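Feature list (source: TrEMBL):
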type     : residues : note
REGION   : 117-157  : region 'Disordered'
COMPBIAS : 135-149  : compositional bias 'Polar residues'
TRANSMEM : 205-229  : transmembrane segment
TRANSMEM : 235-256  : transmembrane segment
TRANSMEM : 315-334  : transmembrane segment
TRANSMEM : 340-363  : transmembrane segment
Amino acid sequence: MAPWFPIGKDESDGWRLDIVALLAVTGESFIGEHALALTSSKLCLLPRLMPAPHCLLQPRRPASLPSEDARVVGVYGGTVAESVGFFANIIHPLDQLRPFEFKILEIRHRDLELGDGHRTRHQRATASGVPFNSDLETASAEATGQTSRGPGAGGLSRRVTLSERAARFASNAPAVQDNTQTTIRFSDHEKEPDWKKSGSRGFSFPFSVLHSLSVVSFFLTLGTIVAAVSLGDGTALVAVCLLSFATSIIGWAAWWKPSILSSARRRTQSHVPPGDLVIRTREGAFVVVRCTEDIARELYWGGDRCEYVVTGIRYRVLMTLGAVLMMPSVILMGNCTFEMQLILGSAYLALNIAYWLVGLLPLSSSWDLSRYQVSDVTPEDSRDNWERLQTYTECLWFAIRETKHSSWVERSGSAPSTEAWKTWVREAAEQAVMGNRDWNAQSRLNELVQMDHISEGSGVDALG
């Protein structure tokens with residue numbers, strides 16, 4: 001009977017696949033690209049083989065999701081931001097806008113409308129072929145310790161779940177009740193009773209191609225374990241088990257949930273004011289977003305925060321444990337039999353190719369954003385202006401014409417502060433209010449700039 005573990009030194013001159021151990025730690029670029037989506041779901045806890053699991057280990061985890069640089073200004077409220085949030089940029093990717101392109105997007109909650117149409121209740125829906133799962137849990141409900149009750153006397157109550165208590169224990173942070181702000185958590189396991197009926201979960205889409213790949217890799221790992229047992233290769237068996245548990249521990253340490261802020265008083269009001277805003281990119285493109293104030297707070301003003309399940313010293317312990325388990329597993333993998341090295345090498349090669357192919361898909365395929373219904377309502381006379389005009393002035397005029405306000409122009413720095421531009425912005429707002437859609441914005445600006453130059457020249461002559 002052949003021994004399960006190697007004895008002594010191997011002096012054979014035949015083919016060796018010791019390099020297969022490197023496949024376990026390569027693929028950083030593929031995994032790093034998917035790190036956010038991978039660790040936003042419970043599926044990151046599955047013990048499995050995964051290329052470069054150490055990419056999920058970070059000494060300092062980001063407090064918020066990455067954003068896209070752009071100037072965002074509220075049309076009515078005057079709020080100004082220097083970037084577009086992560087989820088908003090997935091809904092309307094700014095890098096796909098061409099210079100001086102103009103768009104008007106209408107974003108609504110894809111909900112069951114109540115009352116006058118401004119108060120909404122979540123309902124299961126689909127958008128762009130991707131179903132949305134969404135949960136909301138308020139911080140005040142978490143602070144009760146037992147039940148949470150919705151607004152009003154007839155609110156629905158919810159019992160705190162076991163997974164909820166485990167998450168609190170892992171985070172080691174007390175629940176804080178805030179009377180002015182409500183923290184809305186989008187998670188995989190915390191559900192409001194009325195939303196359970198619609199099968200809601202969260203921003204993380206568990207049935208996406210990326211998360212399905214995690215399940216496939218789990219069964220692939222089981223197959224390699226069966227192969228190691230069948231071949232009597234104890235070294236491979238221990239290596240696969242250690243790597244699988246290391247991936248599970250690292251996934252637990254990196255597990256997070258998106259968290260957004262919304263005003264608590266909005267949940268008790270029947271009317272939600274408009275929260276229209278204008279986005280200006282560095283290339284001079286403008287996007288007018290028509291939405292409620294709630295949506296503006298969720299996607300643009302509140303910030304996309306990362307709420308980690310494991311925090312503090314527990315994260316450090318899990319990170320160290322995962323790294324320690326990886327080291328001997330890589331050494332053991334290099335001492336497997338030829339057959340097992342061939343099997344493991346093929347498995348890691350297939351996983352690297354699979355993650356690379358998933359990277360070709362758009363970000364929207366990994367995130368469930370069908371909570372929002374997005375419609376392109378750009379008028380026909382404003383479409384494809386970048387092809388026929390190619391001017392920043394016309395694009396800015398379109399934005400003023402559709403918002404019928406000009407105060408946001410100065411607040412966002414969308415126009416120079418010269419007298420000619422100030423006059424032009426004021427006249428543009430007047431023409432927009434009057435409904436004159438055929439106003440020649442570029443010609444009028446040229447006239448004002450020329451008049452400004454003439455007046456400056458006359459002033460210089462007078463001084464001379």
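Each Cβ is built from the backbone N, Cα and C atoms, and glycine gets one as well.
Among the listed stretches 205-229, 235-256, 315-334, the one sharing the most Cβ pairs under 8 Å with the transmembrane segment (340-363) is 205-229. For the transmembrane segment (315-334), the list of distant contacts is 18, 20-21, 24-25, 53-54, 57, 61, 235-236, 238-240, 242-243, 245-247, 249-250, 252-253, 308, 341, 344: same-chain residues at least six beyond its ends, Cβ to Cβ under 8 Å. Counting only same-chain residues 6+ beyond the ends of the transmembrane segment (235-256), those with a CB under 8 A from a CB of the stretch are 4-6, 24, 35, 38-40, 42, 44-50, 53-54, 56-58, 61, 221, 224-225, 227-229, 306-310, 315, 318-319, 321-323, 325-326, 328-330, 332-333, 335-337, 340-341, 344.
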